[in-house]
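These features come from Swiss-Prot:
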type	residues	note
BINDING	Gly29, Ile30, Ser31, Gly32, Gly33, Leu34, Asp35, Ser36, Thr131, Lys160, Ser182	ATP binding site
BINDING	Asp35, Glu136	Mg(2+) binding site
BINDING	Arg111	deamido-NAD(+) binding site
Amino acid sequence: MNFIKTEKKLIKFLKKSLSKTYTENFIVGISGGLDSAVVSALCAKAKPKNTFGLILPAKSSDKKNLNDAISHCEKWGIKYEIISIEPFLQAFRDSRNDEISRIRLGNFAARVRMSLLYDFSAKISGVVVGTSNLSERMLGYGTIYGDLACAFNPIGELFKTEIFEFAKFLNIDEKIISKAPSADLWEGQSDEGDLGYDYASLDEILRAILRKKSLAKFDQETINFIQNRIKNNKFKLKMPKILHLKG
């Protein structure tokens with residue numbers, strides 16, 4: 001990947017996309033992780049005075065992530081607010097009379113965060129910028145109407161392994177680059193722990209699938225896992241179907 005060309009293309013994409021919305025500001029949910037750091041840095045380069053971050057921790061969130069998110073915003077001149085989502089999560093727990101699984105609570109947390117981002121976008125006349133990478137999108141590793149929701153997404157065609165390298169080029173803090181990727185949905189949660197494979201292994205196969213290359217050299221169990229995830233989760237990337245009754 002040519003980092004200089006990629007940076008220029010993405011900044012141009014962000015500026016053009018924002019201009020078409022007739023709003024003024026970028027809003028990014030900043031977790032202290034890699035993807036949101038890269039996206040918010042690109043937004044800050046595109047519109048230095050018009051980039052806002054919301055930091056949305058829960059009680060279970062790693063305090064290091066909170067500190068990294070704050071440090072990142074201050075380094076890049078991103079105006080930010082911190083809003084705890086714990087009251088929303090507790091209200092959800094209190095409203096249910098059944099056992100709430102981690103996946104249900106995690107999805108709820110992702111949707112609460114996105115609700116707060118969209119509410120903030122209305123407050124300041126802005127748009128929510130997406131932070132889901134190509135690896136996550138192909139695997140369906142995200143919450144529909146949660147972290148997958150956005151007005152536009154500058155990193156949606158970059159694999160996670162590419163983002164690691166691109167982040168170094170952008171001078172993202174090493175402590176953010178080196179930490180284990182996590183959606184921060186529950187205590188101790190990690191992407192690779194959930195998926196059962198590291199991103200390097202996943203991306204190699206995903207890249208081959210995307211380019212319609214032979215998969216013969218790869219482990220069949222891993223291929224099956226990836227192909228099943230792609231098939232079962234592709235609905236997350238589609239707009240709701242509408243039955244066309246007119247015309």
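Every residue number used here counts from 1 along the chain in the order it is shown.
Glycine is no exception: its Cβ is also placed from the backbone N, Cα and C atoms.
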Can you tell which of the binding-site residues (Ser31, Thr131, Ser182) has the fewest other C-beta atoms within 10 angstroms of its C-beta?
Ser182
Which whole-number value in Å describes the distance between the Cα atoms of Glu136 (Mg(2+) binding site) and the residue listed as 'deamido-NAD(+) binding site'?
17
Give the sequence-ordered list of residues that share a chain with Gly29 (ATP binding site), lie 6 or more positions from it, and have CB atoms under 8 Å from its CB.
Ser36, Gly53, Leu54, Ile55, Leu56, Arg113, Met114, Leu117, Val128, Thr131, Asp147
Based on the record's binding annotation for ATP (Gly29, Ile30, Ser31, Gly32, Gly33, Leu34, Asp35, Ser36, Thr131, Lys160, Ser182), what whole-number value in Å is the widest Cα to Cα distance?
18
Do you know which of the binding-site residues Gly33, Arg111, Glu136 has the most other C-beta atoms within 10 angstroms of its C-beta?
Glu136
Please report the number of other Cβ atoms within 10 Å of the Cβ of Asp35 (ATP binding site).
24
Rounded to a whole number, how many Å is the Cα of Gly33 (ATP binding site) away from the Cα of the residue listed as 'deamido-NAD(+) binding site'?
18
For Ser31 (ATP binding site), which DSSP three-state class applies?
coil
To the nearest whole angstrom, what is the C-alpha distance linking Asp35 (ATP binding site) and the residue listed as 'deamido-NAD(+) binding site'?
18
To the nearest Å, how far is the Cα of Ser31 (ATP binding site) from the Cα of Arg111 (deamido-NAD(+) binding site)?
14
